[in-house]
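Per TrEMBL, Mg(2+) 3 binding site is recorded for A:ASP28, A:ASP73, A:ASP209. Among the features that TrEMBL reports, Mg(2+) 1 binding site is placed at A:THR44, A:ASP45, A:ASP120. Under the heading Mg(2+) 2 binding site, TrEMBL lists A:ASP45, A:ASP73. For A:HIS52, A:ASP260, A:PHE315, the entry in TrEMBL reads substrate binding site. Here TrEMBL flags A:ASP212 as Mg(2+) 5 binding site. The domain 'PurM-like N-terminal' feature in TrEMBL is assigned to A:26-135. For A:148-302, the entry in TrEMBL reads domain 'PurM-like C-terminal'.
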2 protein chains.
Amino acid sequence: MKEFELIKHFFAEQIVKRKDVILGIGDDCALIQAAERQHVAVTTDTLVAGVHFPVETEPRAIGHKAIAVNLSDLAAMGAEPAWVSLALTLPEADEAWLKEFCAGVFELCEYYNVQLIGGDTTQGPLSITVTAQGITPADKCLLRSGAKAGDWLYVTGELGDAALALKHLQGQVSVEEVFTEQVMTKLNYPKPRVLAGQALKEYASSAIDLSDGLISDLQHICQASKVGANVVLDALPLSKVMRDTLEQQAAIELALSGGDDYELLFTVAEDNKVGMETSLAHAGIPITCIGQINGSEKITTTLDSKPVAISSRGFEHFSGKGPDNASDRQS
Amino acid sequence: MKEFELIKHFFAEQIVKRKDVILGIGDDCALIQAAERQHVAVTTDTLVAGVHFPVETEPRAIGHKAIAVNLSDLAAMGAEPAWVSLALTLPEADEAWLKEFCAGVFELCEYYNVQLIGGDTTQGPLSITVTAQGITPADKCLLRSGAKAGDWLYVTGELGDAALALKHLQGQVSVEEVFTEQVMTKLNYPKPRVLAGQALKEYASSAIDLSDGLISDLQHICQASKVGANVVLDALPLSKVMRDTLEQQAAIELALSGGDDYELLFTVAEDNKVGMETSLAHAGIPITCIGQINGSEKITTTLDSKPVAISSRGFEHFSGKGPDNASDRQS
């Protein structure tokens, strides 16, 4: 296992040195110092080769994504990312692979001033588990549970490009060559909405990051908040490549059910709408109002102001059929 | 992936509810509140099936061990365990397996009042990554780096039984049937030395937990502290089953190189020796003095007061040959 010991040198190459890290990598534990009157937000996500990313994904993208999906969870709480622990299981200690993987990890860590405080490297089938921790003021946190009837439903950025890229890779759709890099970047190098989350914690009543797909993640908000929501499908922010590549119905289905967007889905009370929109505009973060929360405990969708149905197998019936019970999609 | 969502229900069944957990499992992140003037100790360890435990290991033991090896790292810092995050990758959502696995996880968590604050469950080859966090006073921490020439070298408990159990499983040795359960328990249900670690943080100058094997872990202390050590092989605490099963040389080799003991190896200055021994005796924790730290930056071993040699391939030459350079064993 000598090679695996060498990996520690890769982990030691990070630049970020935070003052609140009392002891970094190298002892039995790291030691961190949380600030007074702050909460520490903790999240853990695993990426398994062949499940969460195609086996042939470039190592830099795997490193990036392992960090990004966790920072995205911190963003959804409005937390400031601070520390990550990285558990890497890989079949063999391939130096070139590791160099690229670590480049992906550290690029994102450096950008957000996040310090790697622990690493464990083991031999086995490729998978990466990151535990990320962030800091948030004790009284200001974005939870899933704060949405109220009447709140407006918003999403950052555009939806579905990552899922489109995956379908392109799988040969199910053909993205024009000029757009391929753009959608592949969305899939491989998702940008966690860290700044948006921090701005939103002043205004939003609830938030979640989009990892499973819009409807699925909206259900988490609705269940936690005991509310329902109507999504205006015409309003969904679809990229030019989505609109160029797919018919409207297919594009909307992908935007609703495709995962890996890592945008934030959030709700804002009427009173905070202007303040929020101004704040996010100043920060240069694109947002779109895509619907409204209601008291029904169901998720409904409308197109051209008419109700359309979604079902447990996605967005199936593009007709005037009455809205389905949201519980169909619970999984 | 519906089955995988169901797993969350297993994770939700824990009894422990800590006051410093502001928000448990169920949102994008957990929220914890670290006490003022305390440090948070963080450690991450992965167990891969077929690498860190035999594939046929009972699920309760896997759950126990995944928590135990991490609490052992906290113990080696003298930290009080508080929170764990669990990332579980498994080939299929087998309910019976999960029930037993969770029983193993929660038994240990309940014993130490540790709350599971996050879980991610993914499909893939069986592996478990736990991130454990503990609390320690800001000015009292057991590091690897505090050993000084003249300090006494101690170990808790007995050495080598887990390695003996593994050899028994692999058919390399034959443990008497009456002892089989005892050694298998040492392998499958290691007890992290949490209380010992907390008692030791008042007295010890350095500490590490024994996961890789005594010589290997002692080298971590020596390297971090820039010291050397002599280990008195006659003094190594070997269990009755070790002494009954193996010849002296083989038993000593196993105690030096076998991993998975999860005992604490620590150093104590002469002035703290009596205080430490009294404190640990009161706590009912068996300890053995097995040598002394010196300024040589080498690890040497003696038997019958004569130097004997160890090499990079373990404890090879049981002869009067001069002591080997410790750097041979660096890996």
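Backbone N, Cα and C atoms are what each Cβ position is placed from, and that goes for glycine too.
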> Taking the Cβ of A:ASP260 (substrate binding site) as centre, how many other Cβ atoms lie within 10 Å?
Replying inline: 22
> How many neighbouring Cβ atoms, not counting its own, are there within 10 Å of the Cβ of A:ASP45 (Mg(2+) 1 binding site)?
Replying inline: 25
> In the domain 'PurM-like N-terminal' (A:26-135), how many residues does DSSP assign to helix, to strand and to coil?
Replying inline: 35 helix, 46 strand, 29 coil
>> If you average per-residue pLDDT over the domain 'PurM-like C-terminal' (A:148-302), what number do you get?
In response: 95
> Say you check the Cα of A:ASP120 (Mg(2+) 1 binding site) against those of the binding-site residues A:ASP28, A:HIS52, A:ASP73, A:ASP212; which is nearest?
Replying inline: A:ASP28
> Listing them in sequence order, which of the binding-site residues A:HIS52, A:ASP209, A:ASP212, A:ASP260 have their Cα within 10 Å of that of A:THR44 (Mg(2+) 1 binding site)?
Replying inline: none
>> Please give me the CB contact count at 10 A for A:ASP209 (Mg(2+) 3 binding site), counting all chains in the structure.
In response: 27
>> Spatially, and counting Cα to Cα, which of the binding-site residues is closest to A:ASP260 (substrate binding site)? Options: A:ASP28, A:ASP73, A:ASP209, A:ASP212.
In response: A:ASP212
>> With every protein chain in view, what's the tally of Cβ atoms within 10 Å of the Cβ of A:ASP73 (Mg(2+) 3 binding site), excluding that atom itself?
In response: 29
> Out of A:ASP28, A:ASP120, A:ASP212, which has the highest number of nearby Cβ atoms, where nearby means within 10 Å of its Cβ, if these are the binding-site residues?
Replying inline: A:ASP28
> What is the Cβ neighbour count of A:HIS52 (substrate binding site) at a 10 Å cut-off, with all protein chains included?
Replying inline: 22
